[in-house]
C-alpha cells in the first residue's frame, strides 16, 4: 500500500493546496471539542460573572484574583484560554496603556451569567457538556449498526430518568427556561398580528406549568387560555392569570378549542405518535375556523445551500437522535406528510427570528 508521502508526490501546486485544505478540515474536526471544553472551563470558573461584577473589562491577573481556589490560579494557562475565547467572540479584547489585554463581555458571554436576575444559558451549557451527556456520542456508530438510542445504550435509562439522579445533568431544565424565553419573544413578535385575530379558546398542548400560554394571553387578552398537560403536571402548576389548567393525555383526548398550540412538542416523538396526536387535535377543533399552530424546527431539504440558523438546526437534530432517540427534527416535506396523514390538508409556514418556525395547519 502506498504511503501518504508517496501518494502526494507528482501533484500540482493547486492539488497540494486542495489536499492541505482537506487535511486541515479533518484536523479541525479532530479538535472541535477543544473549543467546547475551553468554554466550559470559563463557565465553571465563573469568568463571565467575575467580569460582570467588576463592572468593566479586566486583565487576566485581575480575573485570576477573583477565582475561588485553594491555590493560586495558573495565570499563563488562564491567559491562553482567554485569548482563545476572545478570538471566538466570547469575550472582547482591548489593551490598556501598559499593553495588557483587557477582557470584557459580549452578548454571548452575557448569556452565560449566573449572578443576575436574568435567565441564563449556563445551566444548560454545563448540563449538555457534562461527561455523562458526552459519553453517548462515542456509541453513535454502534447505534447506527445495531439500533437503539445512544444515551439509553450507555446508561440503560432515558435522559430524564438519569438526570433526575444527577443534579448537574438536571440543570438542563433550568437552561430550557432561557431558551423558552428567547423563543417566546420571537413568537410573540413574529406572530403578533395572527394572535390578535384569534377568537375564542387557545389550548397549549403539553404546556407544562402554563407559562407559554400565559405570556400569549397577557399580550392578547382577547384569547381564552387553556394549559393542557398530564394530570400530575398541572396539579403542581401555579395559578396563571387568564389561563385554565386542564389535566389529561394528548394520546387519548384533547379539549375542544378554536385553536391549538404545540410548541416544540412533536419533535420529541416519532411519526406514528405524531399522527396520533394530530388526529386527536383534528377532532378537538372546528372544521370551519379551527387551526393548529406548530412551533417547530424545519430542516432544509437541500443542505448545499445553508439558510439562517441551519447549522444549529442540524446540531439539534443530531442531539435528538443521540440523547432522546424517538424524536427528530423534520424537513418541510416530512411535516407536510405528517399533516396530510393526520387530515390537515392546508398549511402555511411563517418564519420568525429563531431556530424554530411557525406552521399553521387547517383541517379543510
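Cβ coordinates are placed from backbone N, Cα and C, and glycine is handled just like the others.
Pulled from TrEMBL, these are the features on record:
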DOMAIN    28-114  domain 'O-methyltransferase dimerisation'
DOMAIN    137-344  domain 'O-methyltransferase C-terminal'
ACT_SITE  267  active site, proton acceptor
Write out how many residues of the domain 'O-methyltransferase dimerisation' (28-114) are helix, how many strand and how many coil, based on DSSP.
48 helix, 11 strand, 28 coil
CB contacts for residue 267 (active site, proton acceptor) [other CB atoms within 10 A, all chains]:
21
What average pLDDT is reported by the model for the domain 'O-methyltransferase C-terminal' (137-344)?
91
Through the lens of DSSP with three states only, how would you label the residue listed as 'active site, proton acceptor'?
helix
